Amino acid sequence: MSKKTFLGMRPCTWVFVLLVTLTFVTFYIGEQQMGGLTIALFVLGIAMIKGHLVGAYFMGLGGLRGLWRWPVSVWLIIPGSLITTAFILAR
Amino acid sequence: MTQAVDAINLNTVNRYPPGDLAIWIFILAELSVFAAFFGAYAFTRMNNVALFNEFQLHLDREAALINTLALITSSYFVVRAVAAIKDGHHLICSRWLVAAMGMGAVFLVVKVGEYAHHFGQGINLSTNTFYMFYLSLTVFHFMHVIMGMVILAAVAIKAKKGGYNATEHTGVETGASYWHMVDLVWLILFPLVYVMR
């Protein structure tokens with residue numbers, strides 16, 4: 001984990017704050033019972049971003065070179081594509 | 001000779017993920033299973049949209065929010081534990097891991113509360129397709145949280161005894177990687193099952 005700080009906080013702390021913020025956005029959408037393809041894909045997009053942040057910054061894959069940089073990102077694409085396809089076909 | 005060693009280090013540093021490589025094979029296998037589960041949920045929902053939308057509203061989103069925050073926080077604590085051991089602070093590392101386990105415990109308690117509510121209403125795997133998926137997915141994930149906490153406990157105990165240091169801490173990174181995987185899966189599960197409609 002990098003010890004460089006931005007505004008006095010480590011990168012992992014910024015990522016933590018971002019993850020919490022995005023979680024509240026998802027929760028708000030759920031509480032408003034917003035539905036439809038656009039909203040569903042927006043929520044899924046938020047989940048993909050959160051997953052990428054966990055893989056890159058928490059798991060430490062973001063700083064790697066070579067193939068091991070990508071497994072989490074590739075994994076996110078697989079369920080992401082399946083879910084997107086299913087929600088589009090469900091319209 | 002030194003130049004040759006430096007060249008080797010340059011080629012190997014930051015090429016492999018943190019922790020034991022074997023845990024990453026295990027993590028990828030686990031993620032594949034969950035990806036299949038998520039796909040099955042989404043494609044089954046495709047033919048049962050009204051049913052899934054109706055019963056999704058019966059779930060406790062506030063409990064899911066608390067659980068999501070608990071897992072994100074625990075993952076953050078684990079990151080701090082890894083940073084601490086890299087700095088050679090084995091006791092601080094152990095404390096961060098215990099804090100992470102505390103947040104894991106919060107997740108388990110809240111989830112048990114949810115299950116108690118559902119089971120109290122007579123809901124089980126046979127109630128309908130939505131609950132079959134909801135219970136299967138979340139219980140499967142629940143088992144992974146328990147497994148992750150056992151791993152974190154083992155690592156925390158060894159760290160407290162000084163079993164890891166700034167140069168040898170593969171075990172801490174291995175446990176951390178598994179725990180982050182548990183968090184990662186929930187970050188997809190939460191919106192898919194509780195929010196997307």
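Along the chain as shown, residues are numbered 1 onward.
Every residue, even glycine, has its Cβ placed from backbone N, Cα and C.
Annotation comment: TrEMBL describes B:1-197 as domain 'Heme-copper oxidase subunit III family profile'.
According to TrEMBL, the feature transmembrane segment maps to B:21-43 (among others). For the transmembrane segment (B:21-43), the list of distant contacts is 133, 136-137, 140-141, 144, 174, 177-178, 181, 184-185, 188-189, 192-193: same-chain residues at least six beyond its ends, Cβ to Cβ under 8 Å.
Under the heading transmembrane segment, TrEMBL lists B:64-83 (among others).
The annotation transmembrane segment is assigned in TrEMBL to B:89-110 (among others). Beyond the ends of the transmembrane segment (B:89-110), by six or more residues, the same chain brings 63, 66-67, 70-71, 73-75, 77-78, 80-82, 142, 145-146, 148-149, 152-153, 155-157, 159-160, 162-165, 169, 172, 175, 179 to within a C-beta distance below 8 angstroms of the stretch.
What TrEMBL records for B:131-157 (among others) is transmembrane segment.
Nonlocal intrachain contacts for the transmembrane segment (B:177-196), taken as residues 6+ away from its ends with a CB within less than 8 angstroms of a stretch CB, comprise 17-19, 23-24, 26-27, 30-31, 34, 38, 41-42, 56, 59, 61, 64, 67-68, 71-72, 74-75, 78, 100, 133-134, 137-138, 141, 144-145, 147-148, 151-152. According to TrEMBL, the transmembrane segment annotation covers B:177-196 (among others).
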Request  = Let me know the model's mean pLDDT on the domain 'Heme-copper oxidase subunit III family profile' (B:1-197).
outcome  = 94
